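Novice: My questions will all concern the structure given below.
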Amino acid sequence: MNKWTGLSAAAVLESRAQHGANLIPTKKLTPFWLLFLEQFKSLVVILLLVATILSLVVAIISGVNANWLFDHNLVIEWTQPFVILITVLANSLIGSIQEFKAQKSAHTLKSLTQPFTRVFREEGLVSLPVGEVVVGDIIFLEAGDIIPADGKVLQANHLRCMESFLTGESVPVDKSVVNTGGKGLLEQTNLLFSGAQVVFGSGVFEVTAVGLNTQVGQIVKTVDSSATKLSPLQQKLEKVGKWFSWFGLGLFVVVFLVQLGLLGFHNFSANWSIALIGAIALVVAIIPEGLVTFINVIFALSVQKLTKQKAIIKYLAAIETLGGVQIICTDKTGTLTQNKMKVVDYFCFSNTTQTDLARALCLCNNATVNTNGDSTGDPTEIALLQWLDRDGLELNHYTRVYEKAFDSNRKLMSVVVQKDNRFIVIVKGAHDVLLPLCKGLDSNQIKPLIDERASNGLRNLAVGLKVLYCFDPENTQTVNELESELDFLGSVSLQDPPRIESKAAIMACHQANITPIMITGDHLKTATAIAKELGILTDERQAILGVDLDPAKIMEYRVFARVTPQQKLEIVNAWKQAGYTVAVTGDGVNDAPALVTSDVGCCMGQTGVDIAKDAADVIISDDNFATIVNGIEQGRKTFLTCKRVLFNLFLTSIAGTIVVLLGLFVLGEVFREQLSKANHNFQVFTPTQLLIINLFVHGFPAVALAIQPVQEKLMLKPFSTKNLFYNRGGFDLIWQSLLLSFLTLLFYSLGMVYAINDPELGKSGDLINRAGATCGFMVLGGSAALNSLNLMVDRPLVATNPKHYGIVWLGALSSIFVFLLIIFINPLGLVFSTLKDLTAHPVLIGYSFGGVLLYMTINEVVKLIRLSYGSV
């Protein structure tokens, strides 16, 4: 080591100035306040904030002009803007809190990197933080070290590195001063890459790239420049929200001007606030205020469930996208398999005993396995030691006197051990190399067995030995003759076996119309064998090597072996461009571009590197494919729940808009004489009433729907998130909205007629309107609350078991209870503009509940008719 002369202090400074520091910026946590502010980018939220400001202006000006300081109307006017504002803030808090929690969960899973490395500088070999390494530095490496930067090998003493995080190759790579590999950058054996681990030997290399200029750094830059993904539902809701907002804004202007004209432009100062409140009420009716809030609540509850199931969702919307996945491009090692080599079979030749084979494998082995399970060394050698029962082998009687390390050219490892006056040569390696070195052996006897195991994806190691009575390690001729005239002992077969639950998870994918695709850096035979065993592959013609891949035929294959990161990206893009929703699993730096490009990137939490975790949308903390499938099922449930809640939201928005419009211009004209005599400016529903309907009516059922277990077998049938209201959904929304608006107006009118004819109520236009509003308020809100039960099942409610939907029943009845509090408790009735002392008017109570029962009855009749025609 003393022959290496390192950089001087001046050269270090010059190199750092020219090439930069050896640092890769980690993705910082987005501050909570910034996440909170980002929630306000929605046009719906902006419009609601404008409505808040306008309502506040009206409250202040009206209060000052009318001297309402001690009037109950001041409370009513001030309630409206703050209810709208609380709605906006609640939504923003829910979304930002959950995303911040998910960020922190993902951040805690990041792995710790080696902080120091050994560098030759002008003062000799020193230990320095990896961040101080510069281009031109000479680095010393030995087993266990993490390579701190990219570089070129200067000296290699049986140097072997694990580069699976970058290349996908599951076995260590032999490194040498001269390239003995391919021409591709990652195939060159004389190059080292930042983040790789030295698993055997030692070496020296010169740093050629640091920080963002390393191979890892280049991938980081690709990941950081990626755009934020929107889920299919988010994309639809963004369009729907804009449509509702612009439509509402247009109607706001029209209704304000028309109503002002009807009231009289000549008295603008007295009438503008009345017209403005009516227009704001219309905007509040049109905009489904709970649109974002309830979706975030449903997403958050689903995310919590999945966190308990070992899946950490970094972004709320990813849960819904996961439910719509049609293609899963999954890695093999560690995801479908256990990421742990195991001996699955062995063969003892002739008179060899299992003890003989075991002893030879222990002696020709450089790995260590402690009693507590900790291990170091080559994964294959570790697997051999874990398989063997070393008790009784008397290994302490043998002393190793010589080793000829494994290298990729010879494909052999040899050791000489001494016991008493005998020297025993033990050789292990590939069958095709070792069998010809054995004496008295017809390799054709062994070859069929080995070929069969190889075709099943097993890695086979042959073992041979011979006994010498003298051995001189300094004698070159003796050393060269070691690997000859061997006695064949037998062989062992190893495999990274599939996880127990993987096969069932793959079967669940097929049943759910999801296509699993294996993309691996491993060998084709190994990948094919595992894929066939798990059910991914039925025809071997659907498996292909990366070098043979034709981009135009990507969708014909189900297994891709020995692929490059660029090819993995091409595979993902091919399926996406064909219109499929694609999930990708990965754990290495090489997987990061595909994780970003996919619709849902799933990174393994245990084996995943930080860059892959940053790129992913979901972190699978138990590295299990079955967890991804569980996530898809939860995602489907989430989408179904969102669809049901959105149906109810749109139902009340459409019905409420129709009621407010027709109420202002039809009921206002019909009852003009009675209202004008009573000196009252007519208004159908206040903004506060509509907000109560849009929030509390849907709030409890929305949470209940999210918690309620879904009875449908969602993973046993095709599923799509492409259409929000498919299978009659759009038609049902239209006719139910028309029905609900008709019934609301009908019972609103009946309530007003009753009040007009009542000796006490008929004296006040305000009381006449409150009587109608009480009935209409209950019909619109109560019907929407109970409609959540209708949405749970296609069959009539009378034909279902209430126990199966107990949580939704509780949610619906909780909403009804809120309405009862408002209409029966006088102070609340005052604030929300309903009639006080309703118990004195049982007819109005009958109207209120009669309209709800009529709506539900008509829905039940429609279901019965559909059931009789077999269209449910």
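Note: Cβ is positioned from N, Cα and C throughout, glycine not excepted.
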Novice: When you get a sec, could you say which of 80-100, 416-436, 500-520, 542-562 is annotated transmembrane segment by Swiss-Prot?
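Specialist: Here Swiss-Prot associates transmembrane segment with the stretch 80-100.
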Novice: From the topological domains that Swiss-Prot annotates, would GLU38 and LEU835 count as being on the same side of the membrane?
Specialist: no
Novice: ASP331, ASP587, ASP591: which of these recorded positions has the highest Cβ count within 10 Å of its own Cβ?
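Specialist: Per the Cβ count, the most surrounded site is ASP591.
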Novice: Taking 3+ C-beta pairs under 8 angstroms (sequence gap of 6 or more) as contact, is the transmembrane segment (238-257) in contact with the transmembrane segment (42-62)?
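Specialist: In contact, yes.
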Novice: Using DSSP, tally how many residues of the topological domain 'Cytoplasmic' (789-801) sit in helix, strand and coil.
Specialist: 7 helix, 0 strand, 6 coil
Novice: Are the transmembrane segment (769-788) and the transmembrane segment (643-662) close enough that 3 or more Cβ pairs fall under 8 Å, when only pairs 6 or more apart in sequence count?
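Specialist: Counting Cβ pairs under 8 Å, at least 3, so yes.
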Novice: Taking only the Cα atoms, work out how far ASP591 (Mg(2+) binding site) lies from ASP331 (active site, 4-aspartylphosphate intermediate), in Å, as a whole number.
Specialist: 9
Novice: Compare 42-62, 80-100, 725-747, 769-788, 843-863 by their Cβ pairs under 8 Å to the transmembrane segment (686-706) and return the stretch that comes out on top.
Specialist: 769-788
Novice: For the transmembrane segment (725-747) against the transmembrane segment (80-100), do we get 3 or more Cβ-Cβ pairs below 8 Å once near-sequence pairs (under 6 apart) are dropped?
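Specialist: The transmembrane segment (80-100) and the transmembrane segment (725-747): touching, no.
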Novice: Could you count the residues of the topological domain 'Cytoplasmic' (101-237) that DSSP puts in helix, in strand and in coil?
Specialist: 37 helix, 48 strand, 52 coil
Novice: Suppose you look only at the topological domain 'Cytoplasmic' (1-41); what would the mean pLDDT be?
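Specialist: Averaging the confidence scores along the topological domain 'Cytoplasmic' (1-41) gives 84.
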Novice: Hey, which bits of the same chain come close to the topological domain 'Cytoplasmic' (1-41), Cβ under 8 Å, at least six residues off its ends?
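Specialist: Cβ under 8 Å, 6 or more out: 49, 88, 91-93, 95-97, 99-100, 103-104, 107, 110, 119-125, 130-138, 140, 148-149, 154, 204, 209-214, 216-217, 220, 224, 292, 610-611, 614.
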